[in-house]
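Q: Before I ask anything, here is the structure I am working with.
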Amino acid sequence: MIEAIGLTKRYGNTVAVDDLSFTVAPGRVTGFLGPNGAGKSTTMRMILGLDRPTSGKALIDGKPYAQLDRPLRTVGALLDAKWVHPNRSARAHLQWLAKSNGLPARRVEEVLEMVGLTAVAKRRAGGYSLGMAQRLGIAGALLGDPQVLLFDEPVNGLDPEGILWIRQFMQGLAAEGRTVLVSSHLLSEMALTAQDLVVIGKGKIISQSSTTEFIERATENSVLVRSPQASKLGPLLVDKGYTVRTDDDGSLSVTGATSDQVGDIAGANAVVLHELSPQRGSLEQAFMQLTGDSVEYHAEIGK
Amino acid sequence: MTLLAVERIKLFSTRSPWWCMALAMVITIGMAALISANTDDRFPLTVSVSQGFSNFGMVVIMVMAALAVTTEYRFGTIRATFLAVPGRVQALLAKTAVVALLAGVVGEAVAFGSWGIGTLIKPDADMAINSSAEWRNVAGTGLVFALAAVLAVAVGVLVRQTAGAVAILLVYTMLVESLIGLIPTLGQKIQRWLPFQNSTNFQTAGNESFMNETGGLDYPFGPWGSLVYFAAICVGLLVVALVVAKRRDA
């Protein structure tokens with residue numbers, strides 16, 4: 001269980017993280033979602049005791065990170081896969097980590113096996129591909145068999161196979177009853193991975209809910225209707241209390257109604273339909289809508 | 001103990017410490033060999049002469065010590081360290097201890113190696129180490145190297161960048177301390193309080209030779225007093241560095 005309580009980080013006049021409060025429950029993958037620069041990494045660093053919060057606190061199983069005894073046994077984190085000395089072998093990297101938390105040397109071999117790096121464990125980590133480095137980072141996070149895991153943008157830059165592997169891996173960890181917090185700026189990715197979502201923008205919390213709830217709420221359901229008699233159908237639908245928008249090509253976009261309801265009304269009034277299809281707003285659109293005002297660096301499109 | 005083992009694994013699982021140690025020994029002992037081979041009646045080889053270039057090795061070891069910290073910042077392993085060991089002061093103290101111990105060992109190797117190669121090259125020279133001043137000059141090298149390494153670790157923690165830390169250490173030890181002496185009157189008054197002048201005083205007091213005509217700096221301390229003063233500066237800077245590292249975002 002991870003708790004953030006009024007977590008705030010200020011750099012001079014810039015507020016990177018603004019009074020964040022949320023909890024991350026065990027047994028589920030929780031997505032930590034926000035556009036680039038929203039303060040996800042800063043928040044994770046504060047949870048892990050690397051950065052000092054300006055105010056507020058973060059607790060892991062009720063304790064601040066710094067007060068955990070042999071913390072790798074409680075918390076595993078992958079913030080940046082590049083946090084390895086390039087001239088050190090993967091095995092040596094894991095060996096010093098294991099030693100620091102009193103973990104047996106055999107545990108190093110176990111996690112290497114788990115992430116499939118045994119064959120290349122002797123090679124210097126600097127020569128690893130991004131996917132291999134990511135696996136090494138995950139091996140480091142799993143070293144102490146921790147109940148709480150944090151991953152910062154773990155699929156960034158990975159190929160589809162690597163993405164799938166990490167996704168299934170995280171879901172497996174959560175299924176074992178562990179607390180898993182994964183940050184990402186891609187809602188589509190989180191929709192597939194996470195059961196819960198904590199969404200932030202510009203350091204502020206936007207929502208905390210289950211992923212399904214978030215998507216239901218965020219995406220707009222509409223029905224697309226094409227009809228030669230659109231001008232007749234439109235007012236009929238408005239009379240029923242639905243919102244109707246006429247698009248440039250003359251088709252109608254109806255919100256608030258199901259396609260069944262629109263079809264029934266058309267039938268009852270003998271309106272010919274050429275197309276009747278339920279539309280679902282894209283996740284990306286929904287995410288943009290929610291966080292649109294809170295993107296740190298806007299790219300001005302079309303200017 | 002655990003933390004010492006951790007830092008030992010970290011230090012020896014990369015190549016640069018090995019290179020630095022080898023370089024420190026080869027350069028210093030090699031210079032001692034060159035000097036010994038070229039001594040004659042006018043410039044006789046003595047114990048003190050064989051130790052004349054130990055500062056060379058010291059500077060290389062300081063670079064190694066600074067690198068032990070700055071590469072951790074460079075590659076982010078310092079954050080991995082602080083995640084594994086949230087007690088930053090203990091983690092950095094362990095690193096300092098391992099690096100200083102190693103520097104001490106290299107210091108002794110360099111000192112006795114330089115002395116040994118001198119006796120080999122000029123078997124007839126008076127190379128017996130038989131006064132306390134001569135023992136200080138040779139065996140004291142390890143102490144000076146170890147303390148210099150502590151200072152270099154502190155600079156590394158404070159500066160966090162390899163280029164910056166190494167430049168500061170090199171320019172300071174090789175240039176600043178000696179050039180300050182060129183300021184008329186005032187220069188020497190400042191110089192006698194500078195750390196590496198005092199470490200040199202510890203090594204060379206009572207061992208004057210053609211290699212180290214110090215121009216008669218009027219040191220505020222005797223040789224052991226100078227060492228304590230040097231140690232206080234090194235440890236003092238380390239304390240500052242530890243306080244900063246504890247408060248700073250990693």
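Even glycines carry a Cβ here, placed using N, Cα and C.
Note that the coordinates shown come from a computational prediction; the quantities given were computed from them, not determined experimentally.
Among the features that TrEMBL reports, transmembrane segment is placed at B:18-36, B:56-75, B:96-118, B:138-159, B:166-186, B:227-245.
Give me the lay of the land around each of these features.
A: Sequence-distant contacts of the transmembrane segment (B:18-36) (same chain, at least 6 residues past either end, Cβ-Cβ under 8 Å): 12, 45, 49-54, 56-58, 60-61, 63-64, 67, 102, 106, 109-110, 113-115, 117-118, 121-122, 125, 211.
Beyond the transmembrane segment (B:138-159), the same-chain residues lying 6 or more positions past its ends with a Cβ under 8 Å from any Cβ of the stretch are 47, 51, 54, 57-58, 61-70, 92, 95-96, 99-108, 110-112, 115, 129, 165, 168-169, 195-196, 199, 202-203, 227, 230-231, 233-235, 237-238, 240-242, 244-245.
Same-chain residues lying 6 or more positions outside the transmembrane segment (B:227-245) and placing a CB less than 8 Å from one of its CB atoms are 88-89, 92-93, 96, 140, 143-144, 147-148, 150-151, 153-155, 157-158, 195-196, 198-199, 202, 220-221.
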Q: Which residues of the chain, 6 or more past the ends of the transmembrane segment (B:166-186), have a CB below 8 A from one of its CBs?
A: 55, 58-59, 62-63, 66-67, 70, 152, 155, 159, 194-197, 215
